[in-house]
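Structure record follows, encoded as structure tokens.
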Amino acid sequence: MASFSPSCFILFAAICALISWQAVASDPSPLQDFCVADNSSCVLVNGFVCKDPKVVTADDFFLAAKLDMPRDTKMSKVGSNVTLINVMKLPGLNTLGISLARIDYAPLGENPPHTHPCATEILTVLEGTLYVGFVTSNTDNKLFSKVLNKGDVFVFPHGLIHFQLNPNPYKPAVAIAALSSQNPGAITIANAVFGSKPMISNDVLSKAFRVDKKTVDWLQAQFWADNHN
């Protein structure tokens, strides 16, 4: 029987680890035609338990989401409104690794810097103009940005901080985003850092952002509302 040298074994183990990491880096592939989420189940799993296929109907794959209707952006402090269609709203998405969002932007409104820990995003502008971008991970922190017009498409890589801004002071904008997870998650950077519960120590934040503690205290005192619904 052939034997492996220690160096060959280490290389083989590293390759296996890389392959397995890629395999779990996104939602797992389904093992059947569908697995409609059973929201009534009390069983806790990573995702949702499957409903009995015998009782699944077309309505499990349907949602009258009215995504053709404008959303209210006046109540948002950042001037945007994200309408996410994920597995919690559409049970038929369970295990299919995809979700959808309509994003409405007021004049000069933005979808502030945020990240989707579980998904890549592809965004299409339906109306108006958007300035969009994402920042790469440490240590480069390179900004890739672009001005998009109606019909343009832009991709935000998995997990990277990104944003969208409507630069027009007079007209709103609308976009549709597809995401590569049934539940992509969203971490809005400012909300997470300055609006956490309980609050992060101002000793930590003042040093991290190189500002005085009074500035941190003022930021933490603001109302950090979510623009998702």
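Yeah, the Cβs are placed from backbone N, Cα and C, and that goes for glycine too.
Since we're looking at a predicted model, the values are computed, not measured.
The 10 Å shell around the Cβ of His116 (oxalate binding site) contains 24 further Cβ atoms across the protein chains shown. The oxalate binding site annotation in TrEMBL covers Asn111, His116, Glu121.
According to TrEMBL, the Mn(2+) binding site annotation covers His114, His116, Glu121, His162.
Residues or ranges marked as disulfide bond by TrEMBL: Cys35-Cys50.
Residues or ranges marked as domain 'Cupin type-1' by TrEMBL: 73-217.
Taken from TrEMBL, the feature signal peptide covers 1-25.
Nearest in space to Cys50 (disulfide bond), taking C-alpha to C-alpha distance over the binding-site residues Asn111, His114, Glu121, His162, is Glu121. In this structure, the CA atom of His114 (Mn(2+) binding site) is 12 Å away from the CA atom of Glu121 (oxalate binding site). With respect to Cys35 (disulfide bond), the closest of these binding-site residues in Cα terms is His116, chosen from Asn111, His116, His162. Shown for the domain 'Cupin type-1' (73-217): DSSP residue counts in helix, strand and coil, namely 22 helix, 56 strand, 67 coil. Other Cβ atoms within 10 Å of the Cβ of Cys35 (disulfide bond), summed over all protein chains shown, number 21.
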